[in-house]
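Please read the structure below before turning to the comments.
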Amino acid sequence: MPPQLNMSNIDASAPLLQHKQHFSISTDQLCDLIDSRQQSSLERLGGTKTICDALEVDPTIGLLPDESFDPCYGVIKSRPDEEGFADRKRVFGRNTIPDAPPKSLLFLVWQAYNDQTLIMLTIAAIVSLVAGFWNDMSDNHPKDEPKIGWVDGVAILAAVAVVIITNAINDYEKEKQFRKLNAKKEDRPVKVLRRGMTQQVHVCDIVVGDIMFIEPGDMITVDCLYLEGHNVHCDESTATGESRTVKKSSFQNGGDCFLLSGTKILQGVAKVVVVAVGVHSFYGRAMTLMRNAEEEQTPLQAKLNTLADQIAKFGCIAAGLMLIVLVLKLVVQSVWSGHWLPPTELTAELVGIVIQAITIIVVAVPEGLPMAVTLALAFATTEMLKDNNLVRHLSACETMGNATAVCSDKTGTLTENKMTLVRASVGQHQFVKPSEIPGWQLQANPMVLGLAVEGISVNSTAVEGISLKGHLQIVGSTTERALLEFIRRLGYDYHQQRASSRLASVYPFNSTAKSMTSIIEINESNVKSPDQSYYRQYTKGATETIIKNCTHYIDAQGEIQILDANTRLEHEIRLNEYAKKALRTLGLAYRDINKETYAGLDPDNAPVTNLVLIGIVGIQDQLRPGVIESVQAFRRAGVFIRMITGDNLETAKAIGKECGILTPGGVAMTGPEFRALSSTEQLKVLPRLQILARSSPIDKTIVVSRLQALDEIVAMTGDGTNDGPALKMANVGFAMGVSGTEVAKEASDIILMDDNFSSILQALKWGRAVNDGVRKFLTFQLTVNIAAVVLSFVSALVSETSESILSAVQLLWVNMIMDTFAALALATEPLTNDLVDRKPLRKDSSLINWRMSRMIVGQAVFQIVINLVLLFHGAEVFGLTDSDADTKILRTMVFNVFVFMQVFNELNCRRIDDNINVFRGIRHDFLFLVMQTLVVVSQVAIITWGGMAFKTVSLTATQWLFTIGIGAISLPVGTLIRLLPSQMPYLWSENKDDEFVHVVSYPRLLWESAITRILQSIKSFSSGPKSSAAAIARAAAEEGEYITDDLKVGEPSYYYGHGVTDAARKKS
C-alpha cells in the first residue's frame, strides 16, 4: 500500500510554490568584485556563469520583460501601469544618478544679496532710515510737514529687494532649464537582449542582470562582465587613469573580463552581463562626487566681467570725486556764510551725500552685463534644443557665432542616411535600377549570388530587434540595414543564413582598414565554392580598398579568375560610374582558408589580403531637404564649407556639386593625397580645399590644426570613436546624436539630435544672436551709464542743496530698467535671416566696435545736453515758476524725460548696424514688447502714485505729451548718427579689421576658375587634344589654379601648385 500523505500539517491556503524574495548574490558582493577586478575574486564567486545564475538570467535569452510572480497562481502579466523588474530595481538599484539637491529660492536670494554694491546700499539705507527717524523725531522738524524721513531708506531697501528677487528668480529659472538640458544629455538608447530578442531601451532602463551588446564607440555607464565577443579593446583612462588600451576576453579564457562604467569601446563587439548600475557602479560613485561642480564661465562672460570691472572703477572714481566735491562744497558754504548746520541737519546732509555717491556707483556698475550673457545663453540653449542642437558646453554657443569654417561629414549630415541599394555588379552581372532586380537575379550564377548573400548575412553587426518606439525593425548602421533589406528583397532570410553558419572570428569595422571581416567554419549548410576549405572569410568595405586587396575575382560562370590589370580597370571604371551618380559603393569579397592558415592569423588585425572579389554594390542616399539653402546661407555668412567624408572621391564630388559645396575653382582630393603633402603645402592647398574624400580621423585632426594655424575658428562634425581627438581640437565639435558613438558625443561641444546639416546653420545663427544680444545690451547700458553719472554729478554740483536732479530711488529704478528689463528685452531676441548676411568676427575682435561707440557717445551727449538744458531752463520751456510746487513738477518732468529717452533709445539699440529701420521684426519680438510695456506702465504708476518714494508729482496730459515727445527725439537722433559718414577726422573712422578675411574667398575661386577656363580654351586652339590637356594641367600646377569638372583622380589640377606635383600623389 502506498504511503499516505498527512494532511493535518498542511495549510490549504498556502501556495504550492514559494515566492523567491531575494537573489543569491548581493549588491555589496558585486561592488566588491568590481572594485577588486581580480580573477581570483571572480573565481570565488564561481565565474561568470554562476553570477548569471545568481542574477537569474540566461545569457542566450536575456531577461524576461515580466518577472512578476504570484505565489498562488504563478506567472502573471503585469498591468500596463506597473513598473517592470521591480524586484531587481529594489535590490540592485536603478540606473540613474540622483541630481544634486536643487538650490532653493531662499538660497538663491541670499546668493544674489552677497554683492558688495547691494550690501553698501543696504548700509546706506539703514543709515538713511536712522537719520530720517532722528530728523522726524527731533524738535527741529516743522510741525506742519508730514514725518516722511523714513521714505528714502525704505525706498532704497525696496529697490534692493526687487533687484535681489529678480536676480534670484532668473537664476532659479536658469538652473531649472539647465537641469532639463542635462537630463536630455544623459538620455540615449542601448541594445539589450530580452526574451531572446535584441531591443533598444533607454540607458536609464538597464537593470542588473541585463544582457547588453557593446560596439565600437560605446561609452558604458554600467559595470559589466564580458561573456563572449570578438577582439574587444577598451579605453579605461577615464576610470583608471591609465591611457593604454586594454583588451577584454572571457573568464573561461583567463583574460580580463571586467568592463568598468566610464569605459570607451575602441574596437570589437561583445555580449556582456550588467552587474552594477546607478550609484552602485564605478562611474556612478564618481559622478555623485562631481555633481556639485562649479558652472563654467564662457569667454564672452570673462570679457564682459573685465569690462564691468573697468566701468565699476570709473564709477567708483566718479562717486569718490562727487563725495569729496560735495563735502568740500558743504564746508566752503558753511565757512563762507559763517553758519554751521546743527548736528542733526549736518548728519542728514552727510547721509544724503553718501547715498548719492553710493547710488552713482550702483548706476555705474554694470552688474547687468554678466546677467545679460547668462540670459542670452540660457534662452539660446533652450531654443537650440528645439532646433535639435543639444549644447554640452556653453562656450560653444557663442564661439559658433564667429565660426569661419565648417568641416562636415556627408552621410547622415548632408544626406538623409536612408540607404537603399539601387545598383550592383555581382559575378560580372549587374543591374542599374531596382526594377531590374528580378531579371538580374534569374541571370546571376546561383553559387555567386549565394556567396554574396551569405557574406552580407554573416558579416554584419545589424540585427532584427525592437526599436525604442516598440516597432520591429533592423537595428544597426544604415548601410548594413540597406544590405540586409536587399537580400530580404531577393527572397533570402538572413536569420537562416546566420543560424546555419558558425562564426569563428570577427574583425569589426576599422577606420584604418576601412573594412569589416568575419570568418566562419564551413559546414554542409554553407555555399559550396570552387576552392572550398575548412574556413571561409568574408570581407566588405571601401571599394577601392577591397579591389586593391583582391588578387582574383569570380566571373559570371562562378569560376575564379586572376584579377589582371584590364579587369581591375573595368571595376574601377564601374566604381567611378557609380560614384558619379552620387552612390555610396561597397566592395564584397571572400576567400577560403585552411586550418593552418587560420591558426596563423593575427587575432587583432584583419587578414585583408589575397581576396577574391565577389562584386560591387551601390547604395543611394538622398540629400537632406534644406541642405542646398543652408550651404548658400553659410557662404553669405562668410563661412567656408568643407566636406570630409570616408566615401570615394567621385561620390563626394557628385554630392558636393549637388549641394553647392564644390564650386568652380575648388579642390577635391583624397585623404592619402592630402597627407602626402608637407605641412607647408597643406597650408597652401587648404584655403581652396572643399572636399576631402576617403579620409581617416587623422585627416580631420590635420585639417583642424592647419585651419587653426590660419587663425580660423573651426566647427567640425564627427560620429566615430576615432573622431574624438578632432572634435576635441576643433573650436566647436558637433557630434551626431543618432549615428554618433558615445565617445564622439563625450568629446563634442554640441550634439546634433537629428544629424542634420541645417541644424549647424541654426547653431551659427544662435551663436551670432547671443553675441549680438550682448552687444545691443552693452550699447544701451553704457549710454545710460554715462548719461546718468554725468547728469547726477553736474546737477548735484550746481544745486544749492547739493542734491542730484535724479534722486537715489529714481536712479535705482533707471538701474533696474537698464539691467534686468533691458537684458530680458535685448538679449533674448528671436532669430532673423539678417544674422547670416555679414562676415564673422575675428577671435580678438573688440566687444565695442566703432558703430557701437559712435552710437553710445552720440546718444549719451544728446541725453546729457537735453537734461541739462531742462535742468537750467526747464521752467521757461514748460512755463513754470520758481515755486516749490513747480520745482517738483520740473524735477518730475526731467525724470520722465530721462526714462523715456531710455525707452526710445532701447528701440535704437535693436540695431547695431547701419540699418535705419529699427522696427524691423518687432512684431515677432514678443519679450521686447512685453518688457517695454512693463517699463512704460511702471513709469506711469511711479509718476502718478509713487510721489512719496520717488519724489515725483502727477503730471498733466500736456506735460506727459511734452516729456514723451522729448524722449522720442532719441529715435531721429539715432537715425542721424547712423547717417553720419563712416570717417570723420579726429573723431572716428570705419574699422573693418574686426571682420575675418579668408585667404581665398568664394569670388576669388570663381574668377580663378574663369581665367583657367579661358586659358584652356586659348591653348586648345593652338595644340592637339593631348598636348592641350597636358598644358592646362601644367599651367594649373604652376599658377595654382584649379579645375574641378570631370577630371580624373590624381591629375595635377587637384593640387595646389608651388611644388606639389604627381610625385606627391604617387608618394601617397
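The backbone N, Cα and C atoms fix where each Cβ goes, glycine too.
Note that TrEMBL annotation is computational and uncurated.
Under the heading domain 'Cation-transporting P-type ATPase N-terminal', TrEMBL lists 41-133. Positions annotated as transmembrane segment by TrEMBL: 117-134, 154-172, 311-332, 352-380, 777-798, 810-831, 852-874, 889-905, 926-948, 960-980.
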Legend entry - Maximum Cβ pairs under 8 Å to the transmembrane segment (810-831) - stretch from the list 311-332, 852-874, 889-905, 926-948, 960-980: 926-948
Inset, instruction - Rank 311-332, 777-798, 852-874, 926-948, 960-980 by Cβ pairs under 8 Å to the transmembrane segment (889-905) and hand me the top one. - result: 960-980
Inset, instruction - Report, as numbers and ranges, which residues of the same chain sit near the transmembrane segment (926-948): CB under 8 Å and 6 or more residues beyond its ends. - result: 148, 151, 813, 817, 821-822, 824-826, 828-829, 892, 895-896, 899-900, 903, 906, 910, 954-955
Inset, instruction - Kindly state the mean pLDDT of the domain 'Cation-transporting P-type ATPase N-terminal' (41-133) in the predicted structure. - result: 74
